[in-house]
Every structure is written in C-alpha cells, then in structure tokens.
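Peer 1: According to TrEMBL, the protein has these features:
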type: ACT_SITE; residues: K77; note: active site, charge relay system
type: ACT_SITE; residues: S153; note: active site, charge relay system
type: ACT_SITE; residues: S177; note: active site, acyl-ester intermediate
type: COILED; residues: 8-61; note: coiled coil
type: DOMAIN; residues: 24-465; note: domain 'Amidase'
Amino acid sequence: MALFDYTLRELQEKLHSKEITVTDLVDESYQRIEEVDHAVKAFLTLNKEAAQNQAAELDADRGNDAAKLFGLPIGVKDNIVTKGLRTTAASQLLRNLEDPLYDATVVQKLNEAKSVTIGKLNMDEFAMGSSNENSSYTATRNPWNPDYVPGGSSGGSAAAVAAGEVPFSLGSDTGGSIRQPAAFCGVVGLKPTYGRVSRFGLIAFASSLDQIGPITRTVEDNAFLLENIAGHDKMDSTSANVEVPSYTDALTGDVKGLKIAVPKEYLGEGVTPEVKEAVQAALKKYEELGATWEEVSLPHSKYAVATYYLLSSSEASANLARFDGVRYGVRTDNADTMLDMFKNSRSEGFGNEVKRRIMLGTFALSSGYYDAYYKKAQQVRTLIKNDFEKVLEDYDVIIGPTTPTPAFKVGEKIDDPLTMYANDILTIPVNLAGVPGISVPCGLSSDGLPIGLQIIGKHFDESTVYRTAHAFEQATDFHKQRPSLGGAQS
Ligand SMILES: NC(=O)C[C@H](N)C(=O)O
C-alpha cells in the first residue's frame with residue numbers, strides 16, 4: 001500500500017508514533033511526482049528545497065507535533081498566493097511573479113497548522129475553463145486515461161491527488177472548478193458555502209462566486225482540511241462570521257431519516273445513461289441506509305449557465321483590469337505610447353479564453369446594455385437562489401450528478417466554448433445560490449472513467465453534506481479505486 005493510500009489521520013498517527021517521519025512523507029511526494037508527473041503534468045512549480053528543509057526542521061523539533069496538519073504534504077492551486085513561491089494563475093501575464101510578498105489567508109492557516117507545501121498546481125488560466133486546456137503552460141492529463149482531460153479549472157489539484165502525488169490539495173470553485181475535476185478524477189472535492197473560507201490572497205476571477213475548498217481522497221480527509229482553513233477573516237469582508245463546527249465530528253452520525261431532494265432537471269436531457277444509472281444506484285444505497293428521497297424541481301436551472309457567464313465575466317472584466325503591465329503583470333517590450341503599452345501587455349499576456357470573457361463582461365456592463373444583461377442576470381440569480389432555498393426548507397440535502405458526462409477527450413471541446421460551458425450546467429447553479437456542494441466518486445463508466453455524485457446542502461451546513469457523503473462512502477468502495485497510472489499503486 002502506498003503511503004498516500006492512508007487517510008490523513010492515519011498518516012498523522014504514524015508520524016506521532018514515529019513509524020514514519022515528515023521527511024518520508026515529503027520524499028514520497030517528490031518521488032511520485034518524478035515517476036508520474038511527466039505524464040500527468042499536474043504541477044507548475046515545485047517547492048522542493050524549502051519543503052525538504054521544512055521537513056527536516058519538523059523532524060528535528062517535535063515541539064510542533066500537536067499542530068493540526070503536522071507534517072502533511074499538500075499541493076496548492078496556482079491562483080492562491082504563496083509568499084516567496086511562484087504564483088502565476090497559469091497565465092503568461094504573471095510568469096514573472098516569482099516571489100509574492102504575502103501568503104493567502106488559507107496558506108497562512110496551513111503554515112500555522114504545519115503542513116508542508118509541495119508545489120503549485122496547474123489550472124485553466126485565471127480559473128477560466130473546464131478542462132485545463134486553457135493553462136498557458138501545459139495541459140494536465142487525467143490520471144485514469146491520459147487521452148482525457150482532468151477537468152478544470154482545478155484540474156492540477158484533482159489530478160495530483162488522484163495520481164497519489166500529494167494526499168490532499170486546495171482548489172478554487174467559481175462555477176464547478178473543484179467539483180467537476182474531482183468528479184473527472186475520482187476524488188472528493190467540496191465547494192464550501194460562499195463566505196465560509198477567506199478569499200484573501202485568492203487571485204480573483206468572479207468575487208461573488210469564488211470559494212477555496214479541499215480536494216482529497218476521502219470525505220473524512222476533506223472535512224479535516226476544511227475545518228483547518230474555514231472561518232472569518234478580517235482581510236476578506238465577504239468572509240462570514242459564523243462559527244466553524246468540527247466537521248470531522250459530524251461524520252459519526254448516520255443518514256436514517258435524512259430527506260433527500262432529487263431535482264428532475266439534474267437527471268434530464270444531456271445526462272448520459274451511465275451517469276444516471278450511477279446516481280440512481282447511489283439513491284438506492286441511501287434508501288438501504290434509511291434515507292428517503294423525492295423528486296423536486298429547480299425550475300430556473302435552465303438559465304444558470306447564461307446567468308453565470310454574464311455575471312462571472314462582468315466581474316472578471318473588472319477584476320482583471322489590474323493586470324496591465326504597470327500594477328501587475330509582465331510589461332510588453334513592444335510599445336511607443338502609454339496606451340499601446342497597456343494594450344500590448346494585455347494582448348500578449350492573456351490567452352484567448354480570458355480575452356473572450358473580458359470582452360463579454362465589458363459588453364454586459366457597458367451603458368445601454370447593463371440593464372438588459374448584467375441587471376437581468378442578477379435578477380435571475382435571485383430566482384435560482386430562491387429555488388434552492390425553497391427546496392432546502394423541506395429537505396436536508398439535494399442530490400444529483402456532478403457532471404452530465406464523465407471526462408471528455410483532450411481536444412474534444414476546446415474549439416467550441418459553448419459546449420465546454422454547458423458541461424458545468426449542474427455545478428454552476430450551486431455557486432449562484434452560494435450553498436455548499438461536494439462531489440464524491442460513485443461509479444466508473446464503461447471506458448473506465450470516474451463518475452461523481454453531487455451532494456448540495458443548506459448555507460453553512462457543510463456538516464450535513466459531509467455526513468451524507470461519508471455514509472455513502474462507507475457503504476461503497478468507489479473511493480478505494482485508483483488509476484493504474486505508473487503502476488505504483490494497487
Ligand atoms: N472557474 C470555474 O469554476 C470553472 C468554470 N468552468 C469556468 O470556466 O468559469
């Protein structure tokens with residue numbers, strides 16, 4: 001059994017009993033990266049020397065033993081700022097950001113809890129994409145089959161965990177960016193309630209939707225990481241001052257009497273028969289475990305993708321204005337006037353998808369169109385949020401697939417943005433509503449690709465989401481399946 005097949009708690013027990021050292025864990029990570037990352041391409045930057053030094057220090061001084069994440073190796077998505085460690089958001093525009101001046105709040109929390117940062121993980125540029133093909137550096141591959149995408153935008157974060165390069169990682173989710181790659185790579189990914197985790201130091205894409213969250217192999221690990229990164233932060237005025245419960249304690253409960261809502265829109269057109277069957281089998285499992293389920297409707301779901309692209313692109317057009325070659329970003333060599341300098345820095349630095357969204361967002365916010373597009377989209381967002389709140393008054397959780405299909409092939413959708421956007425149809429509404437959602441593995445397709453089950457809960461009720469996910473995980477073996485990549489795992 002590979003070391004990272006143990007849960008985080010088990011690894012910590014081994015550390016505490018001195019069966020293994022922090023150096024063993026860090027070495028395991030870099031060795032696995034050496035073996036498989038040429039094929040997976042999950043990492044953009046490695047933190048090897050610093051991580052090895054930190055491991056040696058932690059091993060030498062066990063005074064930190066009690067720290068919550070003591071000695072555990074983690075990967076961090078490349079849009080989360082890490083002091084002194086290159087942070088590019090997978091953009092050429094930030095290729096020279098070698099030495100950021102501060103840590104994101106989540107990274108500060110990781111450091112206080114004494115985890116070890118192994119490196120920065122690939123993503124779609126500025127988190128815009130669903131396949132990792134929009135990274136300006138390299139396209140991460142799906143560890144289950146390198147002909148397929150790992151999903152996006154946190155594709156590197158999900159693939160690194162699935163490939164056993166790190167036992168856990170951080171991603172960010174604006175419209176599905178944690179849950180969709182988790183589903184495609186057969187791992188567990190949670191988007192917390194909006195406001196649950198500080199966004200300070202997350203390079204902003206769409207500020208009213210972005211959330212940082214954990215990607216892990218098990219639900220328990222996921223709950224464990226969330227309780228260590230959640231909480232109010234005075235540096236992020238949108239972070240909520242709501243107490244953080246022990247999410248791991250919540251796992252002990254069962255799902256007897258749990259009321260599940262299954263939206264008919266989530267098992268309708270576009271969802272492949274294999275995905276439907278996997279979700280139906282999961283619902284059967286919940287019945288066996290004592291839960292009940294009923295079909296419900298989220299009638300405004302059909303407007304979610306259009307609403308999301310108007311709002312997220314509008315916010316992106318404002319957020320990305322700072323990348324102009326003066327305030328942030330590589331400055332062009334090719335300009336005689338100030339205006340040309342701004343224009344050329346941005347034209348050279350941004351990739352096509354980012355440009356497409358900036359143009360769409362600028363258009364939606366422009367005078368004469370604002371009411372018809374941006375304002376209308378805000379109104380529809382409220383209707384979508386109301387749909388969720390109404391259903392969640394009567395039910396404990398909402399369950400459906402994470403994605404309509406398993407992973408698609410590299411190159412299959414990259415020239416057709418609308419088809420690419422439609423892949424997020426089941427995750428986007430959750431961001432618009434601001435509620436928490438998790439993806440857990442619930443099957444394999446006939447092509448041997450993972451299928452994800454999505455469990456959505458009430459605002460700030462991650463505990464019930466985790467309890468529901470954990471009960472399913474304990475009753476099934478899907479989380480134990482591993483890609484054969486590299487042959488290093490059973
Ligand atoms: N950032 C996300 O959550 C991913 C989504 N597919 C997007 O491109 O906007």
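Note: Cβ is positioned from N, Cα and C throughout, glycine not excepted.
Give me the lay of the land around each of these features.
Peer 2: Sequence-distant neighbours of K77 (active site, charge relay system) (same chain, 6+ apart, CB under 8 A from its CB) are K120, L121, M123, S154, G156, S157, S169, L170, G171, S172.
According to DSSP, S153 (active site, charge relay system) sits in a coil region rather than a helix or strand.
Secondary structure at S177 (active site, acyl-ester intermediate), taken from DSSP and collapsed to helix, strand or coil, is coil.
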Peer 1: Please go through the active-site residues K77, S153, S177 one by one and keep those whose C-beta falls under 6 A from any atom of ligand 1; give the result in sequence order.
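Peer 2: Those active-site residues that pass the cut-off, since their Cβ is under 6 Å from ligand 1, are S153, S177.
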Peer 1: Going by DSSP, is K77 (active site, charge relay system) sitting in a helix, a strand, or coil?
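Peer 2: Its secondary structure by DSSP: strand.
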Peer 1: Would you kindly give the Cα-Cα distance separating S153 (active site, charge relay system) and S177 (active site, acyl-ester intermediate), rounded to the nearest Å?
Peer 2: 5
Peer 1: Tell me, roughly as an integer, the mean pLDDT over the coiled coil (8-61).
Peer 2: 97
